[in-house]
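First comes the structure, then the notes that go with it.
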Amino acid sequence: QICNQHNAEAPSLEQTFHRMAQTEPNLDHDVPWFILPSYWAKMVVALISFLCFANSYDGDFVFDDSEAIINNKDLRAETPLGDLWHHDFWGSKLSSNTSHKSYRPLTVLTFRINYLFAGGFYPVGFHVINIILHCTISVLMVDVFSILLGGLQFSNKGRRLNLAPKSSLLAALLFAVHPVHTECVAGIVGRADLLCALFFLLSFLGYCKAFRENKEGHNFSIFWVLVSVILGAIAMLCKEQGITILGLNAVFDALVINKLNVLELIQRLLHKDKSLENAGLLKKGLLFRITLLMSGGASILYIRWRIMGTGPPAFTEVDNPASFADSLFVRAINYNYYYSLNAWLLLCPWWLCFDWSMGCIPLIKSVSDWRIIALAALWFCLIGLICQALCSEDGHKRRILTLGLGFLIVPFLPASNLFFRVGFVIAERVIYLPSIGYCILFTYGFSLLSKQAKKKKILAVAVLGILLINAMRCALRSSQWRSEEQLFRSALSVCPLNAKVHYNVGKNLADKGNQSAAIKYYREAVRLNPKYVHAMNNLGNILKERNELREAEELLSLAVQIQPDFAAAWMNLGIVQNSLRRFEEAEQSYWTAIKHRKKYPDCYYNLGRLYADLNRHIDALNAWRNATVLKPEHSLAWNNMIILLDNTGNLAQAEAVGREALELIPNDHSLMFSLANVLGKSQKYKESEALFLKAIKANPNAASYHGNLAVLYHRWGNLDLAKKHYEVSLKLDPMAPGTKENYNLLRRKLEQLQKKGG
């Protein structure tokens, strides 16, 4: 309960809060919702948030997880921990021209811990942590919403009071089950948003603790203000949006702690009224606290700027076409259209997609485009809410609407294209934090409707229905995020014009060996985006494997014409030209690929194959040696070196290369096989036999392994064992070249021996 006893002296800050609690209108009074003790409310929120996303726990690594986790060397133990502080989210050096400048070292650190504890890339542990984080954030939301909706008041013992238990529970449930959060929870890379949100909320709650006690005449604790700044910095080291909490803390301080009337302050400033003390600007140390927050924020941004470097991230037109428009009008109108689509995703999160780029949302180029209506609707609503937030005579209403708009808009600003170009059109993950503002506004709107409604139970049932539908949508969407096939196919109906969606469906089919279906989707991707070089490259690769070399060459030539530094396309073009026996052109293509990607072991490998076909053996060996230097585990390059040296009679050198290769890749059965052949020819039968048997144990169904071991036994004079392995080889592959002839020779020899013995 709120204590009613007061001292005869001037009222303390705490006593002021008690009077606020008594005089402010209670939001819960008109909300037809159930009330639970704080502990049970948090348990309910935790359970429901867990049930919404629990089915994503055993999902695969999907979409961006491959680059951020599987291909990210910063997760591996051999990478020094210090490198995390100089690399971006994807493991690239921040100083690199190709870096996206997404500096999130603490998020990468959690991935690394996941990897080390799991002993490898096992996605279950990664998913479980994401689910736990969302549940924790949803539970914290009960406290956060109780402050934002009910105000910040404390008891005499310094315990924070929850003056809006029903409203805060409803808002926390709305947040917990919002389907737009699925990408953050079910997609592992969404952990950046989850960790950012966690420290974002802790920073806010820490700031609120600064006003818990009144010691020695001070109205606030500098310690907790500084803790809030530090937690904001940690949030930013998880994801860039985290820094915005410092601005929101300042807004909260002004509106809730100081009861600042923004409209009155603006009027005083316009009339050059210098009595700002009466307006509340300097009351209770507001100006000092804001100075602390702003100084901390500026210092954090400066340090990040120095680490990141001054160059902006490099994005392409397909990532964010509006930002590349020449006309300021086109840029502005499309940015606003994107804002309206983000707002719609919060209001109606039914059409969700893993990627909204590459033609998914065509540019608005004139005012005659009917989509202008969406912009008008957005700004009509925003202006109406802003007017109410500034001009309403009801201070309680002003506070809630301003806080709702603040938490809706401020965390979204880094993704708004206003300060710098971003690398996406719409990204569902970036509205994880802005959804806090949506939940505040929804809950307040629900309370206003309930106040006017005669049948409040119908409204309550409607809200319960929204929660249930959203929870079901979360479960369905989480299941779609469990595998790339389901995720990519789910996007076909939402963004049929998105070339990347068709590309990813095609890539997934190609990885599963369904080349015919993959071709269809790759062709559609190229049709939708005629400059989509990655789709051209992959389609060209499949056509090359199907021996449709002319079309493959056309596609790959077009790809390198569009993007001259596309090293992979140059290499694949060289492979096609080699197959067409245009060797000079192939060699030139390979060297162009290496020019654009210095460390390209696969290209050196293919260049070596070209030189081998041309009988340029020294050049071939040098090329393969380069491949193995760049990639010591490049088994094919090692094998080709051994085989070429073997075929040219350099057995000693072949043996040395084979032993070197097996030291680096000790479990590669193909290397065992190649070295065993060399040792057999060098009459090192015992060692050769051991390697053959080890290779067969690793790959027992390889007919050539049995066939060559039989040849070894044949030479060695172990004819019975030779017969056995010839027969196994022929059983596995009746058409094995040379094996049948060798087997027939052995049988004749055995028959002759039997006759002599008889």
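Here the Cβ of each residue, glycine as well, is placed from N, Cα and C on the backbone.
Range annotated as transmembrane segment by TrEMBL, chosen from 131-151, 341-361: 131-151. Nonlocal intrachain contacts for the transmembrane segment (372-391), taken as residues 6+ away from its ends with a CB within less than 8 angstroms of a stretch CB, comprise 262-263, 333, 336-337, 339-341, 343-344, 364, 397-398, 401-402, 404-405, 441. With a cut-off of 8 Å on Cβ pairs spaced 6 or more residues apart, the transmembrane segment (403-424) and the transmembrane segment (286-305) reach fewer than 3 such pairs and are scored as not touching.
Mean model confidence for the domain 'DUF1736' (311-383) is a pLDDT of 89. Only sequence-distant pairs (6 or more apart) were considered; of these, at least three Cβ pairs between the transmembrane segment (188-208) and the transmembrane segment (430-449) are under 8 A, so the stretches are in contact.
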